[in-house]
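Undergrad: Let me give you the structure first, and then I'll get to my questions.
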Amino acid sequence: MSVELSDAARNADFIVKEPSTQSRIMLGHKSSVLAAAFFKDGRRVVTSSSDKTLRIWDVQKEALVGAPFEGHKGWVRAVAISPDDRRIASGGEDKTIILWNVDNKQKTLDPLVKHARDVNSLCFSPDGKKLASGSSDCTVVVWDAETGAVLATLRHNSMVLTVVFSPDGLKLASGSKDNTIRVWRTNDTEVLLEFNAHQDRVRSVAWSHDGQQLVSTSYDQTVKFWNSSNADQIGQPCAGHTAWIYSLAISFNNSFIATASCDNTVRLWSTKTHQQIGQALEHTSWIGCVVISPNGELLMSGDGDGKVWLWSIKNILEEYHAEDRLKDEQQQLLTNAAGNVLSTPFITDIDRNDIQAQPRNEDSDNCDIKNHYSSDTHAASSILSFSSPFDSLPMNPTEIDTDGDSCNSYASRSVVMARNSDWDQALRDAVNSIDIRPSLMGCISKGIALCGKGQVWNAMEAFDLAFTFATHDSITINLLLLIKAIALFNAGHREEAIRRVQDLAIACQHLDTLSCNVVNSYLHVRLATIAFENGRYFEAAEQFTEVLITNMNMAGSSLRAALCESRLKIFTVVCHNNVTTLPIIDDMRFAALWLGLRFIMANHPPTTV
C-alpha cells in the first residue's frame, strides 16, 4: 500500500505539470502593454503602452511594422481600429484622443479634447462614423469620427472603464467603477438598461456577435453573461481567476471568450457551459489586455513587462480535449490515494465545478464560498464587512489615478512599481509622495520599496511612521502589524515573525482573523518550501499541516477566495518573493506533495528535525 501511495503521488504530480502549449513572445514596448486590437486581416495587431506609444505588429512574421506612433504625453490606455482598417484611435492619461492614419502614422485630426481625466476605453461604431470614449471623469463621449465634433455626453456615477457599440450600432454599453452596466440608445442617448452587474467595478464589457448577450468582467474575479434586452443574468458566472480581471475578448463564432487578469493568467471559457477550457495560460507578469484574431486562430495578450504574447487557439483546444480524457482518471487517482492514507478529511480549495454549482449570495462578496465544508459561516461573513484604506489599492498601471491627488498618485505608482520589482523607481515615487505630504500610503509604499532593496530596518522605520496616520483604526493597525511581520520573516527573523502573527490572531480573534490566517499560511508555506528543498521532509510536512489547519478554520472560505479580499491586496505586494504561490499551490499538486510527504514520514522516521 505504501508503494501504491508513492506512485499515486508521483503520478498525480506528473498529470498537473504545466501544459505544453507554446507561446511566442514579441518584444518592442519599453513598458506595460495596456490595450490592443486586431485588424480585420488577422495578420496585424496594434498595441498601446505606458511607454506613450502605439505599435503595429505582423503576427505571422512576429515583427514590428514600421516605427511607433508617437504623440501622446502619457500612458496610452485605450486603442481602437476603424471598421475599414484605415484609422486608429488612441487615448490615455493625457486626457486626449488621437485619430491616426494607419499608412503614414500621421494624425488625421487635431487631438480630440473634451475629457477632464484619463481616457480608459475607445470603440468605433460598426459603420465607422462614430467613436465612443469612456473616461475617469465619469462620462462617455460620442464623437463624429470624421470631424471630431462632440455628438453626445453621457454620465455615470463614477469612472467609466469600458465602452462598446452593439454589432448593429443601435446601442452602446458602458461599464463603470460604480459596479453598473448601462445600455444607451445611440440615436437619442436614452438609457435603455441600468443594472448592478458585479460586486466590484466593471472593467470590461463585450457584445455577443448576434447582439443578444452582454458579457462582463470585474474586479470581483468573475465573468457574467446577461440578456441584452432585459439584463437578466444567464447561467452561472465563470469563476476561476484569483485576482482582478482586466480584459475580455469574445471569439467571432461566439463559442468561447478569453479573459486576462492580474493573477498572471489568461483563461478561456465556454460561452455555452461557462466552464474553463483547458489550462490557464501562464504569463510572467500581470496581463493588461487580451484579443482574439478575426479568423479565430490566434490569441494575443500584453503584459506588465511590455511583452506581447501570441498563442495558438488550435493548440489550446487540442490540449483541452486531451486533458478532458484524463480528468476522471486524475480525480480517481487522488481520491484513492487520499482514502488509503488520511485519517481525517483532506480539505483543499474548492473545485471550480463546485464553485459554479453553488448558488451565489449576491449580497456578499463573490469570493466568499459559504457553507461548503462548514455550517458556521457567521465569522466569515462578519469578516467580509470590514473596509480599510487598502480597498482601492492599485495593482497595475491601468489603475493609477494620475489626475487625482499627486501625493496619492505617487504612492500608488510606487506600489505598482514594487509589484513589478522595480524597487528603485518604487522608492523614488514613495519619497516623492512623502515630500509632497506624509501619508499612510506614502509611508507604506516607502517601507515596501525598502524591503525590496534589502533595507529591512529602514523599512521598519517607515512602517512605524505609518502608524501615526492610522487614526486609531484597528483594521489598519492590524494590517500594518502583519506587514511588519512579513518584513521580519523575509529578513530572517522567522520565529519572531510567526510569534507576532499568532499573538495578533489571538488578540483580535473577535474582530478580523482572516488577514492573520492568510499571512500565517504564507509564512508556513515558505517554511515548508525551505525545509523541503533542504531535505527536511518531516519538518516540511509539519509546516504544511499548519496550513491545512488554518484552511479548515476559515469558516467556509478557501485561502484562494480569501486573497480576493480587497484589504488583502497589500500582501500581494509586500510578499514579493513569489507571492503568486500564496494560495498554497495548485490544488492537485499540493495534494500530491502532501501525500508524498506523509509517505516519507511513515517510512523514514526522522533522525533530526
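The backbone N, Cα and C atoms fix where each Cβ goes, and this holds for glycine too.
Heads up, TrEMBL stuff is auto-annotated, nobody curated it.
Annotation comment: TrEMBL describes 26-67, 69-110, 112-153, 153-194, 195-236, 238-279, 280-315 as repeat 'WD'. Sequence annotations record features per position, and here TrEMBL assigns domain 'EML-like second beta-propeller' to 77-236. Among the features that TrEMBL reports, region 'Disordered' is placed at 352-371.
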Undergrad: Check the repeat 'WD' (26-67) against the repeat 'WD' (280-315) for contact, please; criterion is three or more CB pairs under 8 Å, pairs 6 or more apart in sequence.
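TA: In contact, yes.
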Undergrad: Averaging the per-residue pLDDT over the repeat 'WD' (280-315), what integer do you get?
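TA: 92, rounded to a whole number.
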Undergrad: Which sequence positions outside the repeat 'WD' (69-110), separated from its termini by at least 6 residues, show Cβ-Cβ distances below 8 Å to it?
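TA: Contacts with the repeat 'WD' (69-110): 32, 34-41, 46-50, 52-56, 116-124, 126-128, 131, 133, 135, 143, 145, 147-148, 397-398, 402-403.
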